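One structure below.
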Amino acid sequence: MSTLGILLPIALLLPLANPAENGDGQAMPRTRNLRSLSFGRTLRRLEKRGCDPTDGCQTTVCETDTGPCCCKPNFTCQISNSGTKSCSCSGQPSDCPV
């Protein structure tokens, strides 16, 4: 039997074994959207470092290893001893909202 003769019946049967269906003909809701999940984590991580990725970079822009970051007011782009850049508080900790 040729390769086409083997693959054709398999291709025809695949829609019958749809794992997205839960048996009653309804598709199961997706529990995760991995792309948006990882993007959300990146935004939270940037915000923790004093970065505001949503302000359109009206403030200081810092080229970090995870991409460009917009430093919040009272934050400056600083290079650490290991060579990585991040937004760090340039004044008193009370001047820099987290």
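Glycine is treated like the rest: Cβ placed from N, Cα and C.
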Feature 4-hydroxyproline, as given in Swiss-Prot - residue among PRO19, PRO68: PRO68
Which candidate, of PRO73, PRO93, Swiss-Prot gives the annotation 4-hydroxyproline: PRO93
GLU21, GLU63 - the residue Swiss-Prot records as 4-carboxyglutamate: GLU63
Rounded Cα-Cα span from PRO68 (4-hydroxyproline) to PRO93 (4-hydroxyproline), Å: 23
PRO68, PRO93 as modified residues, winner by CB count within 10 A: PRO68
